Each structure stands twice: as C-alpha cells, then as structure tokens.
Amino acid sequence: MLVVDDIHKSYPTAEGPVPVLSGVSLGLAAGESLALTGESGSGKSTLLHLAAALDRPDQGGITLAGTPLAGLDDAGLARLRRDRIGIVFQQFNLIPSLTVAANLAFQARLAGRHDPDWTAELTGSLGLEGLERRYPDELSGGQQQRVAIGRALAGRPGLILADEPTGNLDEATGAAVLGLMLGLVAETGAALLMVTHSERLAARLDRRLHLRAGRLA
Amino acid sequence: MTALSALLSHWRRHPLQLALLLLGLALATALWSGVQAINAEARAAYARAASVLGQDRLDRLVGPLTVARYAELRRAGWPVSPVLEGRAGGLRVLGIEPLTLPREAAVSGLPALAEAGALLAGEVALVHPETLGAEALAGLELLASDGIPPGTVLADIGLAERLLDRRGEISALILDPARPLPGPVPPDLRLQKPAPEDGLARLTDSFHLNLTAFGFLAFAVGIFITHSAVGLAFEQRRPVFRTLRSLGVSARGLAGLVLLELLALALVAGVAGVVLGYAVAAALLPDVAATLGGLYGAPVPGGLELRAEWGAAGIGMALAGTLVAAAGGLWQVWRLPILASAQPRAWGRANARARAAQAVAGLGLWGMAGLALGLGSGLWAGFAVLAGLLLGAALLLPAVLAGLLALAGRGARSILAEWFWADTRQQLPGLSLALMALLLAVAANVGVGTMVASFRATFTGWLDQRLASELYLTAPDPATARAMRDWLQPRVAAILPIVEVEQEFGGQPGSVYGLVDHATYRENWPLLSASPEVWDRVRDGGGLLVNEQMARRQGLALGDEVDLPGGILPVVGVYSDYGNPSPQVILGLTAFRARYPDVAELRFALRLPADEVERLAADLRARFGLGEEAVVDQAGIKGFSLQVFERTFAVTAALNALTLGVAGLAMLASLLTLAGLRLPQLAPVWAMGLTRGRLARLDLLRTLVLAALTALLALPLGLALAWVLLAVVNVEAFGWRLPMRVFPGDWLVLVLAALAAALVAGALPALRLARTTPAAMLRVFANER
C-alpha cells in the first residue's frame, strides 16, 4: 500500500538547511499496522506528513497504492489525500463550525464515498450516539479524538495515518481510544502507520520502527 | 520598559497590521478634521462678515437719511457716523466716513489708512485679497485686507456714492457707544439694535451640520477599523499578556502599558490624520465656498488658513476615538485571569454571545429613532432619527447575517457547501465590525444618492416650471427700463415685469415679489397647494402666494393671513422654491404697486419664440449697452442653477466615496488579521483533500458573499435613510420637502462598487492563503496555537 524509498527532507533555517530525514525507506502492506517511534525531533511527524502527501521530500520517492507521489501536482496530491488516506492528528483538528455528524462524514462526503450505514455503525462503535448534533468545543478530549478516528475511517481509505493519536489524552482514555481505532482499522482492512512516543502503545501494533536523528535505527 | 518592548514586539512582527491600524485611524481623523477645518473657515468668514463696521454689536439709526439730515444730527451733538451700503458689479459696497467712525467699528488696516489720508482722498478701497481682481473695481487703487469679507468693498463714502451711483444718500448712521446720546431718538428715525445672531451663520447651520454628520460617519467607520485591529491584536497577544502577568507585571501596570502604547499610536495617527485632513479640506474648500456663495450668498474665501484649534481637536478626536475603540480590550486586559488557557477562538465565541445582546440594543435604538420621529422636532430630532436608524441597523447586522447564513446552510446539499456556510458564519464575529462599516457606507451612499437624485429630478422639473420665460432682463435704471419696454413691445409675445422688495418675515430676511397676471405663471408656476381660482385672487389683490419654506417655518396653511405693509392678506397658494432658504411672498402686480409704490420696475421676463432669443439678446445688448449679466436667457439661468446644485452635492459625493473606501480598508484590515487566526481551521480541510488554491477561492467567495449580503441589506436601510433626509432633515434644514424617487440602476452600481471593494480587500488575504507553504500548514498540526 505504501512504499517509502530513500527519502531525504530538510528545513531551511537562518543558519542554513537542517536535515530532518536522511535516507529513510519503509514499506507497509494492506491490513498491516506499523508503529513509528523515536525521540522528539527525530523526524517521525515529518515522515508521516510526507507519507500523507501533505508535503514533498527533497529527494527519494513515495508510492501510494501504486501511484508515485512525485508525478502528482497540487490538485493530484489533494485528490489522493481525499480518496485514499485518513489522518488522525494529536490535536484532533476537527472542524469547529460543523457538528459531530458533519465532522464524521466530512471526508467521506468530500470523496463521494459516503455510506450512511457505515457512518452510523462507526458512530455506535465509537460511542458517539447522542452527540451527533453537538459541536467539537462541546466535547471532551477523548470524545473529540473518537470523532477524528471516525472521520478518518468513514471513507474506508486504504491508508490510515495517525500522529500521536492519544498524546493529548490521559492513559486510560488513550488506551481505550487506541483499542477502538485498532479494531476498526482491522475491520476495514486498511494499512495503519502510527507515530507514537509510547513503547507500550507501539507494542500493540504489528510492526515497529524506531527513528533516530532522521534515520531508521 | 522590558514589558513594554515585549508588547511592542507584536507590531514589529505584524507591520501590515500596524500600518492598517494607523491608516484607519489617520483616515478617520483626516475626514473628521477636514470637515471641521472647512466649517471653522466658513464660520470665521461669517463672523468676519457680521463684524464689518460692528454690525454685530453697534446700534444704528435708520430711516429717511440724507447727507443734510446727517449734518443736522452731528450739529445737534449726535455721535453718529454715516454708512452707505449697496451692491454694484456683483460686490457689496460699504461706504464709511473714517474720521467719525467709532473705534468699535474699525476694520483691520483701516486706522493706518485713515491716518495716511488714503481713504479720505477717496481714491483707495479696501478689499479681501481674493476680490482684488474684480472687474467692477478697475481703475481704483485697491489695498488688500484679510479683515474684509470676500466680495465686499470698503471705501470712503464719497467713493461709495460714485460706485453705487447714489449721490447724497446714506443707508444708516452708526452710533458711537462711548458717547452719550443728547436726547431721545428723533421721530423720523428708528434705533436699530445689532442683530441678536448672525443671519448667515443661522442660514448655513444646516449645511454645516450636514457636513459634520458626514464627517462623524466617516470617523465612526474609521473607528470600526481601529476597534477591529486593536481587538484582534489584543486577542493575538493574550498569551503574552498572561506571560507578563505571571512574571509579575500587575494588572494595573499591564493595562497602563497597553494604554500608553495605544495613546502613542493614536498620537502618531492623529498627527498624520490632521495633516491629511488639511489636504482634504484644502481640496474641498473651493467647492464648499462656491456652494455657500451660490446657495446662501455667504462670502467664504476659497483658501484655507491653518487653525490651531481644529488641529488640536483632530488629535483629540483620534485619542478619544482610540480609547473608545480599545475600551473593551483594555477592560479585558485589566480583568485577564492569569491561568486561563489561551484560545484564539475565545474572542469569537464571546462575540457570538454578544450578538443577541447587540441585536436587542439595535432594536432599542430603532425604537428610540421611532420615538424621535414621532415626538421630536427640529434638526436635532432628525439627526437623532438618523443616528438611531444607522447605529441600530449596524448592531442588528451580525444577527441578521447569522440568520441568513444559517438558512443558506440548511439548504446546502454538498458537505463542502455545508462547511462553507458554517465556516462563513463562524467568521462573522471577526468580520462583523468591518461589515458594519460597509453597511453604513453603502447605506449612506444609497441614502444620500437617492436624496441627491430625487433632488436633481425634482429640481430640473421645477426649473422648467419656474423659468418658463425665454429671456430675463435687468435694466440699469427706470428710464432705460421704460425705453426698453417701448422698444420690446412690438418684438416679443409678452413682457412680464418682475418687481421685488426685501422684507422680514418672522425675524428672517425674505422678499416680496410682484408678478403680472399671465398664462406663463398660470400654466407653469410650481404650486404645491392652492385655493380655487388662485390666480384670479392673486391678480385681484385678494390673496398672496408663499413659498414652501415660509409656509412650513411659520405654520401657514391656505387661508392663513400674512401681515404686509398696507394690510394683511390670506394665503391662497403655496409653491415650491428649491435652492432658496429664505421666506418669499408673491403678490399680484397691482397689489404690489399699491403697497410698495417706490419700487422701480427694472426686471422683466420676456416671452418669445425660442429661435429668436439669441438675436434679440444681442440686439438688446447692442442697443442699450447692457452687460452679460443684464440679459440672461433661460438656458443660462438653468445652467447656473444646476451648477450651484452640482457643487452643493460635490462635497457630499466626495465624502461618500471616501467613506466607502474606508469601509473597504476596514474589511482588508479584518481579513488580513483574521487570516493568521484562520489557518488552524483551514489546515484540516486542506489535509482532507482540498487544494490551497481552492481554499483561497472559497475564502474570496466568502468575503464576496458577506459583502453582497451586507450591501443588499444596506439598500432598504439606505432608502430609509433617504426618506429621513428628504422628509425630516431637509424639511427642518431648508424648509422644503422633496418627493422621493428611486433609481434602481444606481443601486446596482453601488452593490457592484461594494463587491469591488470587497474583492480588492479579499484578494490579498486569498492570495496569501493560496501561497501558504505546506510547511506553514503543517505547523498547525505540529503545534496548535
């Protein structure tokens, strides 16, 4: 599903470019889950953003579902994100002006793949019944993250990318939310790449890779 | 000091925001102080005109006066000085006797001249610098003096006699207040007290009040920009405020520092605004001077003097406006809890909560406007209605827009449309002040535009009725007038004499006209109301006509009586008389001659085929040696009247356009400031599959939709404003009421102008969004602000 081949990425600073990723390669098959761990600043989030087609590598290639990202323009990358990828952010990043129901269905409807039955099933599975008409700022952190997970899964994308999905939640809530996410990802058959600081959470995924100073350890 | 530099660092990092804040405040101050400068210049001119020869403070003796009677009074010990006053060559001529003129009546430059004997020699006249080039004064030695109003000539009484061709006449005798009177006022004379108030200032009050109102409207729009920029800057700096508080800066100290910073910014913008205001006033004053001269005969110079008082007032307004605009923010800084988490959307939510309260306040203001309309009277009540109507509408706008956007959202089919409407609604708190400014600007444009267009349409039709004759003649003297009549008799279809005498009505200077009975008047005169057989009654001396302003001001209706020399007469008709602020009465020619036997017939209206006008005018000028002003054709008078009219509203149009520009700037300020706060809301949508370009296009569309809705809502508000201006303010200010006419084509142009302003304002933020780098978008996910 996802092939990352020898990618390099650096960010410009006043003192010159600072390398963040240096020759990282990995592969992720459909239905597989992979945890990406590492210290702060090791390049985990950058790698996830590149895999999500949110940014471009300086060097190297990324192929998603057989499509090389390098050949796509801005609109092509946007289409790919919309149709093939579901992202779960640490800060939830729900759309504050839309209700829970609209947030849940947002990406699926945008991609033209809205399945009301599946969305209703997700709503039930994530324990969001009765909250559909609420707005994000009326929810707890755990509830918001469950909506974010539902939003990522509603369009049944082939790849789920999660950046510290439980980083803003307490331990018990985080464990419960992760359990839900893993169960639902397994149910859809999607591939999962999750960035986390937590060794304990990483251990619950199929595979685990560790980044150190922009390289896979 | 360290805390202050921490606060000021915000502006270093946001120079555009700082520039917009300063520009908004400077523009607001400029428009306000520019209008004040114009008013101050005009009022100084009125005061100068009123104080010439102490008219505003010295008693006078009036009556049948001659040089012989004056000499007799002087011999009897009366402390009097003669004055001869009249008009010649379009100038006001004042003749004086410098040796006997009381010191209190002196004019600047006069004593030195009198001592030098220049005036006494009867060869020198004093004039305002702008009057030096007047044709009528050719051949005279002229000295310039700022103490003389423009268009006035001050000369020795002997020279004045020659200029006015009134030898041996005296208009009045000024009494020296320093010397006692030798006895009671002789029975043939009358003691005239100084005018309790200056007539010109009173007449032009409404004009200046109108200007002030527009200046204030522009200032209010500018303050909206300031409020918006300051409010958002406060919100952006909330974390810095909390950090400073947690590091030991007291609430009072922090509020003091913010206040200091704001006052410094206001001072910079205020000074810039006053300089800009001077430029605005200097650009507009010639038009205003021409308007005041044409409409009221007020002598206002076209040049602008620097006056310290309006400069100081402008800076004061900038400081006061900034404090008003920032009061809410300062209060929040004062009450800021140290430990509350920093949330950019808190400001928006607080505004959303305030929306309902604002709407209630808006409805309350509308209620007050209704009360002022129903119960109030006078010009101030009219302006109270305007203020209540406009401010109430501005306060109601966010609630109405929120309702409309919610309705639109309910009708949305796609998720993108649903998000678009919901997100637009969420942006309302941040944009509402700019949208209020746009609402007021468009409404003012619609309102004033409708008033001016109604006025123009009515005025043009009225001119056609009022100026039905083809040619208007003024003879230099009664003998020439008689000769002209004899010569004209076989050459024209009708000769219609026009006689006029000045007369006060209800303490106001006005005039009485005598008109001959003729089909020209019967068929064309613009009567608003009339008794049966009105023209027969006027012809037979059984009634008179009054102009609308006299009828309104004195509460006269058909059948009411007017006191004139020779007895009272009933009102049998009321006619419209636009462009003239003074009361006017029309009598039949026979009745006029009976009551005013001494008034010479010098003016005539002539009826003749239109194609003969040019030739006859040329023949008249050649045969009787008449100047350009003595023979005027209908088209010439209409052209001049329309020119006065256009100039009258040129200033208003300029202020309107500037107000719309300021509103556009308010939108730009708000959109640019909001742009930074919006990234966290837009980045997730981008991440889920929308390109930055599409987001930017949607953002621009959002701005246009909000501007279009606001402009559409401004249309009925503008029409209500026009109605208040036409039916309330104009009636109080000028004494006439105009029928309201609507011009939908003009509205379309205005809505398009508002959209263009919004497009310009929205283009830069949209372009910035389209060019936002992925790295900047990704920072939203890495570190939520």
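Cβ atoms here come from the backbone N, Cα and C positions, even for glycine.
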B:115-138, B:211-234 - the range that TrEMBL marks as transmembrane segment:
B:211-234
Per Cβ pairs under 8 Å, the stretch of B:211-234, B:310-334, B:355-373, B:428-448 packing most closely against the transmembrane segment (B:747-767):
B:428-448
Any residues 6+ beyond the ends of the transmembrane segment (B:428-448) with a Cβ under 8 Å from its own?
214, 217, 220-221, 224-225, 227-228, 231-232, 347-352, 355, 390, 393-395, 397-398, 401-402, 405, 652-653, 656, 659-660, 662-664, 666-667, 669-671, 673-674, 677, 706-707, 710-711, 713-715, 717-722, 724-725, 746-747, 750-751, 753-754, 757-758
Go through B:355-373, B:379-407, B:657-679 and flag the stretch with the largest number of C-beta pairs under 8 Å relative to the transmembrane segment (B:700-727).
B:379-407
Arithmetic mean of per-residue pLDDT over the domain 'MacB-like periplasmic core' (B:433-622):
86
For the domain 'ABC3 transporter permease C-terminal' (B:656-774), what does DSSP give as the number of helix, strand and coil residues?
102 helix, 0 strand, 17 coil
Long-range neighbours of the transmembrane segment (B:355-373), counting only residues six or more past its ends (CB under 8 A):
381, 384-389, 391-396, 398-399, 402, 428-429, 724, 728
If we skip the immediate neighbours and take only residues 6+ beyond the ends of the transmembrane segment (B:657-679), which ones have a Cβ under 8 Å from one of its Cβ atoms?
16-17, 20-21, 23-24, 27-28, 31, 214, 217-218, 221-222, 224-225, 228-229, 232-233, 235-236, 280, 344, 427, 430-431, 433-435, 437-438, 440-442, 444-445, 699, 703, 707, 753-754, 757-758, 760-762, 764-765, 768-769, 772, 776-777, 780
